[in-house]
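Notes for the one structure printed next.
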Amino acid sequence: MALDIRTITDAEVPDWLRACNTGFLLDPVISEEEVELRRPGLNLDRTQGAFDDGRCVGCFRSFAQELTAVGGAPVPATAVTNVSIVPTHRRRGLLTEMMGRDLRAAKERGDAVATLLAAEYPIYGRYGFGPATWTTRWTVDIARAGLNAGYARPGDAPLVSGKGRAARIADPGGRVDLVDAAEMLVEGPALHDRLRAERHGMVSRSERVWRLETGDLRYPSTKWTEPFHALYRGPDGTVEGLLTYTIDQHWAAKMPENTARVRSLLATTPAAESALWYFLFSVDWVVRVDTWYRAPDDVLPLLLGDPRAAVPQAQADWVWIRPLDVPHLMRARTYPVEGSLVLDLRDTAGLAGGRFALEAGPDGASCVPTSRDADLSMDIGELGTLWLGDESPTRLVSLGRVEEHRSGAAARADALLRAGRRPWCPDSF
Ligand SMILES: CC(=O)SCCNC(=O)CCNC(=O)[C@H](O)C(C)(C)COP(=O)(O)OP(=O)(O)OC[C@H]1O[C@@H](n2cnc3c(N)ncnc32)[C@H](O)[C@@H]1OP(=O)(O)O
């Protein structure tokens, strides 16, 4: 019997969740309680299943998201997630079919871009996605970090003098308070929204995700450890930062050797960011901090007297981007200098390709279809890689992934597209 690919019905949710878990090597038996808790998180219009003789063998879904462009503007995105084919039905084109349907629907809705986090690097380039943000995860050995053991007291300098080029972040007189999950659930979303209005690469976070993050919503299959939450408030009481962490308890030979595992550290000001890190490093019995996934240009190592005490544990791609509406994307972002470019974009799926003239500058940009000769040409996924400013067109030319048709065009694109800070998406989705 031919495989039946379509959006699922409410009655098919349990079978769909079973198939999804099976592909992800998770428990294939899902309790009724778990099904009922997960069901409201699925938008059935955008939840596809592949069925073999009535049994679900493949899963794919998307949801509405906003992605922050360079400069802070949100663009409408379709976020792809829960892509999972059971092992008996792989390499038969199920993902390809479901991805094609979802991208075409997103294009019709007017989404400017599709986003996803790739389980494995080689999967999504073929569908026009390019890696657009990267992430680094460090472990900090606190004893080696060059910190003053007494710095947790107000007014104490956090850094041991003479240790490297210390950060000089003025303390405006804010405070760090431990708070409970209920307070985090109130303050966290507003802070996250303020941060994503200025940090390119961030995505919107739903109320449901906040409930999951704070333990207000828990799935029976997922082990929950209640974390510690802290907020940084500036001198006027405004929440400028949040920190959520758990502790791995470990004592050896009567000495504490605990590891603090950061689940989230978000800050809208340098003072909040440094205060929250220094607070965590000052917690007695904690000898090590696992930072979780940060921006690759995170300031964390440079907040230490000895930046080598922050040892990278992972360095990898994070958000992948698939452009769907090139003029929308190019107009939405900001540009540090004046310049123009003609981009010729190949898109075998026929969704977003063409030749576009970009006229850009600090006061705004226009991007329209053109028949002028191209300065640069590339596959659509390469624009996904370039759009958030985290890759150099010159570097892609040297790799043969972008073709330069006019001398100096790649250098012009470098100047136009790069941004002062690297993009960062602290969310998993
Ligand atoms: C956004 C997310 O949800 S990421 C999570 C992705 N899911 C997983 O990794 C779970 C385990 N893996 C799976 O479920 C499946 O193998 C999937 C979803 C990765 C691929 O699904 P399939 O239906 O097998 O893919 P499909 O048959 O459409 O393959 C299309 C092409 O991608 C290639 N491909 C598929 N998976 C992989 C992979 N893991 N690595 C390299 N190439 C791959 C196929 O070889 C095929 O290549 P071709 O067009 O040159 O022949």
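Using the three backbone atoms N, Cα and C, a Cβ is placed for every residue, glycine included.
Pulled from TrEMBL, these are the features on record:
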- Tyr124: active site, proton donor (ACT_SITE)
- Phe429: active site, proton acceptor (ACT_SITE)
- Arg91, Arg92, Gly93, Leu94, Leu95, Thr96: acetyl-CoA binding site (BINDING)
- 3-154: domain 'N-acetyltransferase' (DOMAIN)
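Ligand 1 lies under 6 Å from the Cβ of the following recorded positions, listed in sequence order from Gly93, Leu94, Tyr124, Phe429: Gly93, Leu94.
For the pair formed by Gly93 (acetyl-CoA binding site) and Phe429 (active site, proton acceptor), distance between Cα atoms is given as 24 Å, rounded to the nearest Å. Each of Gly58, Ile85, His89, Arg90, Glu97 belongs to the same chain as Arg91, Arg92, Gly93, Leu94, Leu95, Thr96, is absent from that list, and has a C-beta within 8 angstroms of the C-beta centroid marking the acetyl-CoA site. Counting other C-beta atoms within 10 Å of each candidate's C-beta, the active-site residues Tyr124, Phe429 are led by Tyr124. For Leu94 (acetyl-CoA binding site), the same-chain residues that are 6 or more apart in sequence and have a Cβ closer than 8 Å to its Cβ are Leu3, Ile5, Ala50, Val57, Gly58, Ile85. Neighbour counts were taken as the number of other C-beta atoms within 10 angstroms of each residue's C-beta; across the binding-site residues Arg91, Arg92, the minimum falls on Arg91. Geometry remark: Arg92 (acetyl-CoA binding site) versus Phe429 (active site, proton acceptor), CA distance 26 Å. Cα of Tyr124 (active site, proton donor) to Cα of the residue listed as 'active site, proton acceptor': a span of 16 Å. Counting only the Cα atoms, the space from Phe429 (active site, proton acceptor) to Leu95 (acetyl-CoA binding site) is about 18 angstrom. Sequence-distant neighbours of Leu95 (acetyl-CoA binding site): residues of the same chain at least 6 apart with a C-beta under 8 Å from its C-beta are Gly58, Phe60, Val83, Ile85, Ile123. Look at the Cβ of each of the binding-site residues Gly93, Thr96 and count the other Cβ atoms within 10 Å; the largest number goes with Gly93. In three-state terms derived from DSSP, Leu95 (acetyl-CoA binding site) belongs to a helical segment.
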